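Notes to accompany the following structure.
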Amino acid sequence: MAPTTPATHDPALSHGAPPTQGSQAPANAAPNLTPADISGMQLNGLDQSQIMNLLRSLPGMFTGAKIPDQGQGNPKEDAAQTLSNLAQASSPFGGQHLPIHYQTGAAGGLPGINDPGPSTHPRGPPNLGQLSAVAMQAAPATIQHQDQQQSGRQEDGEQAGNTSIDSPSAKDGENGTGEFNQTSTSTPSGGRRGGRSATMGSDEWSRQRKDNHKEVERRRRGNINEGINELGRIVPSGSGEKAKGAILSRAVQYIHHLKENEARNIEKWTLEKLLMDQAMGDLQAQLEEIKRLWEEERMARTRLEAELEVLRNMNGVSTAGAGSGAAKDESAAGTKRRSTDGADAAGTNVEGGNNDNAEGERDGKRQRTE
């Protein structure tokens, strides 16, 4: 049965041939490599001459090893020998392990499926515990850099907050435009401070609480001042006072006055409505009575017209006969009246002649007497 792979071993590197006891050797000890093994290494696609140039450019790294000059001997064997000497030499950094970096490219990256296993790896499998330790050492540096950036932003926010707090506030009796401007000015700094999370109970947390309380109080005062100024513009002012207390007092008096007027108007409107309803009821009763009388008169007239028509039909002939008899009587009476008038006129003439004769005789007798 094959031995199991240890927990610190990379599974991607163990693909291929089964691991051996030699592959589990600690990474601290430099393996005994031959020049042939080192000559088969591929460092990121570099040839042997480039490797030698890189090794020569490193200062203070090869005090105990001799590097052949360029152009002497076989470059391939020289590079392999130099790498073998470096592997066997002690570390110049006091035994501190250097992290192994792999290039994430097509050439020289992490070993794939078709790459050789740990048994043929030139320096043995990488120690994952060592890589984790290196990562943990690099993490505090990143955290420290972030803390420095946060402290810089915090100082900027505190300066902006102090600037907004130190600005002069508006007086209590005047309009609240100054406080409203302070609120709008200090809002961005408060938003930046609120975006950071501080530890509960720390100085930064207490400072944030105080700043938030000041911001809320400033907004509340601004709203109160704005409302009082609006009341001062609405409520009629006899003396023209602009103090907040005077404005509130006048507003209360004006509200009481409006409520009293409303009560009086409601009472008056109710009485007028009752009187109007009563008058409308009386007019409706009179209208109904007039309609009834008119209907009775119309029916009586229709009845009388019908009776008159019946009487005319019944007395039509008798009326015509009575009319002809009356005409005859009138003609006879007229003839008799004319004859009587002629006789009377003749008698009157005779009497007049007789009288004239008598007077003439009396005159003659008087003349003879004289």
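Positions of Cβ are set from backbone N, Cα and C atoms, glycine also.
Computed from a predicted structure; not experimentally measured.
Features reported for this protein in Swiss-Prot:
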- 143-152: compositional bias 'Polar residues' (COMPBIAS)
- 183-202: compositional bias 'Low complexity' (COMPBIAS)
- 204-218: compositional bias 'Basic and acidic residues' (COMPBIAS)
- 359-370: compositional bias 'Basic and acidic residues' (COMPBIAS)
- 208-258: domain 'bHLH' (DOMAIN)
- 1-39: region 'Disordered' (REGION)
- 102-221: region 'Disordered' (REGION)
- 208-221: region 'Basic motif' (REGION)
- 222-258: region 'Helix-loop-helix motif' (REGION)
- 317-370: region 'Disordered' (REGION)
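As a summary of secondary structure, the compositional bias 'Basic and acidic residues' (204-218) carries 15 helix, 0 strand, 0 coil according to DSSP.
Note on the region 'Helix-loop-helix motif' (222-258): DSSP counts are 28 helix, 0 strand, 9 coil. Confidence over the domain 'bHLH' (208-258), given as mean pLDDT on the 0 to 100 scale, stands at 89.
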